[in-house]
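These come from Swiss-Prot:
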BINDING   Arg40, Arg46  NADP(+) binding site
BINDING   Arg135, Ala136, Ser137, Gln256, Ala257, Gly302, Lys317, Pro318, Ile319, Ser320, Ser321, Arg343  FMN binding site
Amino acid sequence: MLRWMTAGESHGPALVAVLEGMVAGVEVTTADIAAELERRKLGFGRSPRMNFEADELEIIGGVRHGRTQGGPVAVRIANTEWPKWEQVMAADPVDPDVLASLARNEPLTRPRPGHADLAGMQKYGFEESRPVLERASARETAARVAVGTVARHFLRQLLGVEILSHVVSLGGVSAESDHLPGPDDLKAIDDNPVRAFGDAATERMMAEVDAAKKDGDTLGGVVEVIAYGLPPGIGSHVHWDRKLDARLAGALMSIQAIKGVEIGEGFANAHRRGSAAHDEIYPAEGERWVRRGSNRAGGLEGGITNGEPLVVRAAKKPISSLPRALATVDVVTGEPAQAMHQRSDITAVPRAAVVAETMVALVLAEAVLEKFGGDSLPETRRNVEGYLAGLRERAEKRQVR
């Protein structure tokens, strides 16, 4: 069973992530994780924090000489600004007079609409929102990306799976493409200022961001994640919690500010007749023995992969920390107030796409291990080869008939 957890606050000393259940023998290095953390910083409309957050990381367990050892993989990512926050965010008690003298420790009593601020204060009985926003911050996703890199390398080394993402809409601007990007397109996407596939809509997306910044506003958007190389049979139709589409949706919805998930052309299919919604099946030569005329299902049927590329989309709402503050209530005085503004991005949609890749990788790695088992990469690979050999054998028998 693959499990993972993160800990740490946005302005604490560090973030920590632990991945348990990964097989031994997966090749991964500090440099591999650092490269993915750099990708997480990509995108037009970033906050100044992205420019100075160094993401200094250390693998503190589970990897030796560039290979996983079968034990929990633990990663620590230092927060660059910790020295400025050492007293405000200290784990041990600090002299109240010292805290009172610190501007950074001013109570945050004007919760932001759309943020976890108020609901978290009500749930945990806090008098201000600092304890909520520190953990609710999307800074936490850096820890997810760290352990997700291990999952991504496992999938690539076991099955040749490649996962990529791109921005399909930003604010009111949609990217213009009539086909999916492939693994060879990833570098071009990462080099694009808004991580769009193709340049047709890039300038309009950037203009949308600039306009929002000028107005003191923020933007949301939609990202798409595609996984190539998955064999049929990952996931299950048998139980609700084993359905791969359900697990993917839950994982993507766990990303900060994600408010909707679509598998394949799910929402468009809701407006079509069945004859125009489903992917017809045709005979084909070779080990797959069938082919699809389309991939509107996004590679999943009945909660199981069907051999087509896996395609999922996630909708991200606009960031809730706006320079043009929204109306709120001061929780101390009970009087109307303007919501506080923390330093934030104008849009985090391009970065959210990279985080979405991470969540897809973690879910797929767990499902693949459930399907094939094993304690080491070579053992799991043998199990995969046996399964694929069985698929080929059945395909050959059908073709002989």
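Keep in mind that glycine also has a Cβ here, set from the backbone N, Cα and C atoms.
Features recorded in Swiss-Prot, as mapped to the structure shown.
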residue : record               : CB count, 10 Å
Arg40   : NADP(+) binding site : 24
Arg46   : NADP(+) binding site : 18
Arg135  : FMN binding site     : 16
Ser137  : FMN binding site     : 19
Ala257  : FMN binding site     : 20
Lys317  : FMN binding site     : 15
Ile319  : FMN binding site     : 26
Ser321  : FMN binding site     : 22
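When Cα-Cα distances from Arg40 (NADP(+) binding site) are compared across the binding-site residues Arg135, Ser137, Lys317, Ile319, Ser321, the shortest belongs to Ser137.
Here the C-alpha separation of Lys317 (FMN binding site) and Arg46 (NADP(+) binding site) works out to 16 Å.
You'll find the Cα of Ala257 (FMN binding site) roughly 16 Å from the Cα of Arg46 (NADP(+) binding site). Cα-Cα distance from Ser321 (FMN binding site) to Arg46 (NADP(+) binding site): 13 Å (rounded to the nearest whole number).
For the FMN site, whose binding residues are given in the record as Arg135, Ala136, Ser137, Gln256, Ala257, Gly302, Lys317, Pro318, Ile319, Ser320, Ser321, Arg343, the maximum C-alpha distance rounds to 43 Å. Distance from the CA of Arg46 (NADP(+) binding site) to the CA of Arg135 (FMN binding site) is 20 Å.
DSSP classifies Arg135 (FMN binding site) as helix under the three-state reduction. Taking the Cα atom of each, Arg46 (NADP(+) binding site) and Ser137 (FMN binding site) are about 15 angstrom apart.
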